[in-house]
Structures are given as C-alpha cells and as structure tokens.
Amino acid sequence: MSGEKDRADTGLYCVFGNPVSHSRSPEIHHAFAAQHSDPVQYEKREAPLDDFAGAVQAFREAGGLGANVTVPFKEQAFALCDAITERADQAGAVNTLWWDGDQLHGDNTDGAGLVKDIRNNQGWTIRKKRVLILGAGGAVRGVLGPILAQEPTLLRIANRTKEKAEALAGNVMKGEGPPVLGGGLDNLMGQFDLVINAISAGLHGEMPALPDGLLAEGAVAYDMVYGSEPTPFMRWAEQQGAAATADGLGMLVEQAAEAFEIWRGWRPNTAPVMASLR
C-alpha cells in the first residue's frame with residue numbers, strides 16, 4: 001500500500017467515470033485530507049468509454065498514486081489490475097486502484113461502505129434479518145459478500161430480468177451460509193426486515209411497481225442512490241410503513257474512507273464529512 005510514505009509530497013488521486021461531473025468524491029477526499037493536513041490533490045477524470053486503460057495510464061504518467069472508479073468502468077478496472085483483494089475478486093469489480101511500484105492493485109470498498117453506513121450511522125442490524133435487494137447489476141454484485149458476512153436469515157435478490165438475479169444468487173450461495181434466492185420483480189412475495197434498492201433508474205424518478213406488504217413490521221429501507229431530497233424508493237417505503245429510510249450518501253462517504261485509508265495509511269472521521277454534504 002502507498003500509505004504514510006507518500007505524505008511528504010502532495011498525493012495525486014482522482015475518480016474515473018463517464019459521466020463524472022456530478023461526482024462529490026473530490027469534496028469528500030479533500031475534507032478527509034484536511035482532518036490531518038494531509039497534502040492530497042483529488043480530481044475528476046472523465047475516461048473515454050472506449051479507452052479506460054489509456055486514461056489510467058495517462059493518469060499514472062501525470063503522477064497519479066491511486067484512483068476511485070465509478071460507473072461504467074468498475075469491471076474494466078478489475079480486468080486491468082495486476083493484483084486484487086479477495087473482496088474485489090468476489091465482486092468481480094474494482095472501485096479503488098493504487099500502484100505499488102509498477103503493479104496496479106485493486107479493491108472494492110462498496111460493500112464495506114454500505115455495511116458501515118447501515119450499522120454504524122443508521123444503527124440498523126443485518127444479522128438475523130430477512131434482506132431483500134432490488135436490482136442485480138454491478139452495484140449489487142459488489143455488496144453481496146459483505147452483507148452475507150453479517151449473517152442475515154436470508155437474502156433475496158429481485159430484478160426485472162429474473163435470470164440475472166437467479167445467476168447472481170447462484171454465484172454467491174454457499175452451502176453453510178444463509179439461503180440466497182433470486183427471482184423477478186413481478187412475482188416478488190414474502191416479508192422483509194431490510195430492503196435495499198440498487199435499481200439505478202431510482203435516480204430519475206422511475207421506480208418499478210412493487211407489491212404491497214413487502215415490509216415487515218419495523219422494517220427499514222435503504223436506497224443506494226442519493227440525492228438532495230428523498231428518492232422515489234424512499235417515498236415508496238415511507239408509504240408502505242417503513243420504520244426508517246436512508247439514502248446512499250453515507251455509503252458513498254464510508255466507501256471513500258476505506259479507499260482513503262488504503263492510500264494514505266490513516267482512517268478519516270466520516271461523521272463531520274457526512275454532515276457537511278447534507
């Protein structure tokens with residue numbers, strides 16, 4: 001890891017995405033760095049859709065030490081790495097890059113960030129709860145391992161195309177772990193204690209139709225999407241009687257803190273940063 005040894009000089013980092021103009025990552029990482037007067041420069045870089053590898057190489061040549069990766073490049077980042085962590089391997093996607101000599105390393109901090117936000121910031125438990133995840137894209141694949149490590153009673157993945165949800169459930173199902181079930185949104189049944197939305201359409205005001213009665217008494221709802229006001233999914237959950245709802249801003253900050261610690265060798269305090277972003 002790059003860690004403390006880089007701290008004498010300004011460390012150059014970035015977030016790769018396309019589009020990336022909306023990203024709040026520079027704001028977050030500069031706020032982290034300010035906590036210890038750690039000299040960090042963090043910028044947004046829009047990588048061409050057809051040349052992510054070239055963008056990474058150009059950043060390295062410009063003196064870059066590490067990077068975050070957002071949509072749609074996480075799978076490409078995974079393929080580019082010389083070495084990856086176990087949780088990145090599990091996710092099949094990388095959101096955090098750093099160089100050690102000439103070796104490009106990759107990690108996936110999304111699931112750890114989600115679990116930290118749910119447990120530490122929201123004060124919700126996952127252990128022995130019935131968990132429903134809406135969606136089966138890359139965002140879901142990145143968080144399944146850390147959620148299952150919390151030992152829920154069961155985990156159901158529901159997606160518009162049920163085959164994708166079934167395939168994802170089959171990939172992570174382990175004999176000794178909690179049951180992981182996959183299926184379509186149209187035949188979704190049962191009651192759940194924690195519902196997590198990872199359908200990206202939720203950003204633009206379009207939630208798929210969901211049946212009534214999915215939320216058990218005392219259930220909580222978490223949207224991996226975040227915005228300046230409650231998301232359509234959060235509003236749906238409130239109408240369905242959720243005891244509490246949260247958006248994904250805390251996950252964004254917590255996964256960023258995990259990445260920052262890999263790069264700089266110390267862990268920032270996330271609470272004041274979350275408060276300032278609101």
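Any Cβ shown, glycine's included, is placed from N, Cα and C.
Taken from Swiss-Prot as is:
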{"type": "BINDING", "residues": "Ser23, Arg24, Ser25, Thr70, Asn95, Asp110, Tyr226", "note": "shikimate binding site"}
{"type": "ACT_SITE", "residues": "Lys74", "note": "active site, proton acceptor"}
{"type": "BINDING", "residues": "Glu86, Gly135, Ala136, Gly137, Gly138, Ala139, Asn159, Arg160, Thr161, Lys162, Glu163, Lys164, Met224, Gly248", "note": "NADP(+) binding site"}
Item to check | Output field, shikimate shell: CB within 8 Å of site CB centroid, site Ser23, Arg24, Ser25, Thr70, Asn95, Asp110, Tyr226 dropped | outcome: Val15, Gly17, Asn68, Leu252, Gln255, Ala256
Checklist outcome for this item: If you tally other C-beta atoms within 10 angstroms for each of the binding-site residues Glu86, Asp110, Glu163, the top scorer is Asp110
Next on the checklist: Checking the spread of the shikimate site as listed (Ser23, Arg24, Ser25, Thr70, Asn95, Asp110, Tyr226): what is the longest Cα-Cα distance, in whole Å?
Outcome noted: 18
Item to check | Pairwise C-alpha maximum, in angstrom, for the residues (Glu86, Gly135, Ala136, Gly137, Gly138, Ala139, Asn159, Arg160, Thr161, Lys162, Glu163, Lys164, Met224, Gly248) that bind NADP(+) according to the record | outcome: 29
Next on the checklist: Rounded to a whole angstrom, what is the C-alpha distance between Asn159 (NADP(+) binding site) and Asp110 (shikimate binding site)?
Outcome noted: 20
Next on the checklist: Which one is it, among the binding-site residues Arg24, Thr70, Asp110, that lies nearest to Met224 (NADP(+) binding site) by Cα separation?
Outcome noted: Asp110
Checklist entry - When DSSP states are folded down to helix, strand and coil, where does Ala136 (NADP(+) binding site) land? => result coil
